[in-house]
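Features as listed in TrEMBL:
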BINDING   A:GLU68, A:ASP86, A:ILE88, A:ASP89, A:ASP213  Mg(2+) binding site
Protein chains: 2
Amino acid sequence: MDLQKINEFAIKLIYDAGEQIRESFSKELIIETKTDANDLVTNIDCQIEQFFVKKIKELDPSHKIMGEEGLGDKIVTLDGPIWIIDPIDGTMNFIKQHRNFMITVGFFVDGVGKLGYLYDVMRNELIYAIRGEGAYIDHHPIRKLEPLTIEEAIIGINSSWVIQNGKINHEKIANLIRTVRGTRSYGSAAMEIALVVTGKLDAYLSMRLAPWDIGGGMVIAQEVGAVATNLKGEPFNLLSNDTFLIANPSIHQKLLDEFIELK
Amino acid sequence: MDLQKINEFAIKLIYDAGEQIRESFSKELIIETKTDANDLVTNIDCQIEQFFVKKIKELDPSHKIMGEEGLGDKIVTLDGPIWIIDPIDGTMNFIKQHRNFMITVGFFVDGVGKLGYLYDVMRNELIYAIRGEGAYIDHHPIRKLEPLTIEEAIIGINSSWVIQNGKINHEKIANLIRTVRGTRSYGSAAMEIALVVTGKLDAYLSMRLAPWDIGGGMVIAQEVGAVATNLKGEPFNLLSNDTFLIANPSIHQKLLDEFIELK
């Protein structure tokens, strides 16, 4: 399998998709509600995922596709080559802000991440990685993350996990917030992961993400030295939803040990 | 006083300052700590404020200047023409992310906001308003905000006010977070205000802001119909720090009545 060639294919696909999304802002959006009001879907999500599915199947019909909109394949095993795609991560931002959303794509073979992409459509900023060959931002190499202390860290966390909730001990999260230098919340997991792998945030955690939220980011994380696991410190389960923590390697274990207590 | 002429002067000044800041990323930053680790200052903050002071005094030496770095005048009254300036709002983002910080400027005469500016330096996106003549984003008119319900709202709030704290009843804030569609936190008051006045967020609140954080935004808020007060619902005190709420007019009073309880 020629990873360099697949990488070139993926980069072109993502830039093309970004162009389609930017053009869509001049057209009317047809918005329907999915399972709840917090999970909005627009016709452009489906259009972009359909575009990825079509092009990937043209490249190689044996490649399987797992996408947020469910237009690809039904994935029950990680065997073989699988694309994991979120055509628009941060749909609410997409609709309301016309910014702060991402295209994210991961390419896995037998469960091992080979290629990863995080594309900030409105900034036209592409982060990508090839397993074992480093990570790049707009084609410039990204440096390995430098160590820091918890007290110096800026952490991405949604306020839903800061108030009392059924998933995590919120008193320990309150201690975390009192300990770190600051927190941020952007409303796009892929964007927060992109900020962590480039050292603009030092960690990001969530109680519930899907494989397509983090697949691309996991490959990039490995190349810059960021540690990405679930909140038990185990590998994220790519066949279901899971908890998630990505962090600078100098604080990942300390975050798990001192501030995370799942219910 | 020719406000149109002062507006043209201010826009040129802000674009020039933005250019200096973007250039500074290629130079080394000398960072010193101010009163605490959360309030970082760099040499560029001072350089930009000095630039504003020099140019404004050249325009009219009778104009007074209130700036975050304290290089302007000592302001004890709001009489006469006063510029209220934050050369870099979101200093931590400036240092760590090289994005998500703003230049913000307000021009007041006898305490009345006449001109307001919010400039996203890295996006090169300028929002400004002239009192009574509307607000503009990159020179296109900004529409008045459209009504919405609390349940549809996205709110900017820092996690420090979500955990138990000495300033506000955090249980009511938890109720707010359970009620709204989502929350965000960007680490720059001026950026969150910019998002509210353009309808990309529906409210932003803070327990403690300075006049230079919000001066420019207040003028713009009035032109788009956003309501900006302190958390008692009174006008923000421009001669000291104060609490702050800016919101879509359809939810401002409800936020104060049902979700805000100062200690």
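Numbering starts at 1 and runs along the chain as it is shown here.
Cβ from N, Cα, C; glycine included.
Because TrEMBL annotations are produced automatically, they should be read as predictions rather than curated entries.
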Secondary-structure category, per DSSP, in which A:ASP213 (Mg(2+) binding site) falls: helix
Other same-chain residues whose Cβ falls within 8 Å of the Cβ centroid of A:GLU68, A:ASP86, A:ILE88, A:ASP89, A:ASP213, the recorded Mg(2+) site, in sequence order: A:ILE85, A:PRO87, A:GLY90, A:THR91, A:MET102, A:ILE103, A:THR104, A:ALA189, A:ALA190, A:ALA210, A:TRP212
Local backbone state of A:ASP89 (Mg(2+) binding site), from DSSP in three classes: strand
Cβ neighbours of A:GLU68 (Mg(2+) binding site) where a neighbour is any other Cβ within 10 Å: 24
Neighbouring C-beta atoms (10 Å sphere around the C-beta of A:ILE88 (Mg(2+) binding site)): 28
Lowest local Cβ density (other Cβ within 10 Å) among binding-site residues: A:ASP86, A:ASP89, A:ASP213: A:ASP213
